[in-house]
Amino acid sequence: MECKREEGKSYVKRGLWKPEEDMILKSYVETHGEGNWADISRRSGLKRGGKSCRLRWKNYLRPNIKRGSMSPQEQDLIIRMHKLLGNRWSLIAGRLPGRTDNEVKNYWNTHLNKKPNSRRQNAPESIVGATPFTDKPVMSTELRRSHGEGGEEESNTWMEETNHFGYDVHVGSPLPLISHYPDNTLVFDPCFSFTDFFPLL
């Protein structure tokens with residue numbers, strides 16, 4: 001175990017916690033409660049930093065920690081909360097009783113972030129589709145305005161990108177299997193490919 005002397009302070013242990021250290025911290029917090037972790041470290045006799053004590057208690061020692069794999073309901077809640085809050089793991093973990101923010105973050109990074117539909121669900125509400133040629137997100141008129149871009153004339157990005165294929169595409173012309181949103185954004189059904197819209201000659 002490494003010990004480091006900080007200027008004007010006593011030695012601070014680093015590295016793995018020993019079972020006897022866990023017992024000291026657990027016993028002290030159960031007797032005196034949580035509070036100033038640097039003070040807890042000093043009063044309990046542990047030669048650990050306050051942050052180290054806090055994280056050890058929060059992630060490993062507190063009695064209400066839930067162990068075991070995530071349930072489907074917990075997975076679904078993590079995906080929905082991440083879509084709403086982003087990487088604010090402590091807030092997400094607050095909605096999952098017994099789960100720590102560190103556990104939720106690790107679970108997201110190892111299991112959920114790699115799933116294609118979780119990435120899709122995680123896209124901001126204002127990005128509702130992608131152009132079939134560049135795979136760039138199609139932004140809503142409101143989002144373009146907030147970025148200082150034009151409105152109606154810039155809603156035709158997809159139309160301009162199809163022109164070099166020699167197809168006669170006009171704004172407002174009906175195309176099958178394309179959804180029109182109120183803000184003129186086009187959304188393609190991902191079940192169909194480019195050739196479903198434009199057969200190759």
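Just so it is clear, glycine is given a Cβ too, placed from its N, Cα and C backbone atoms.
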Practice prompt. Would you mind telling me which of 112-133, 134-155 Swiss-Prot tags as region 'Disordered'?
Written response: 112-133
Practice prompt. With a Cβ cut-off under 8 Å, give me the same-chain residues at least six positions beyond the ends of the DNA-binding region (37-61) that come close to it.
Written response: 3, 10-14, 17, 21-22, 24-26, 28-29, 100, 102-103
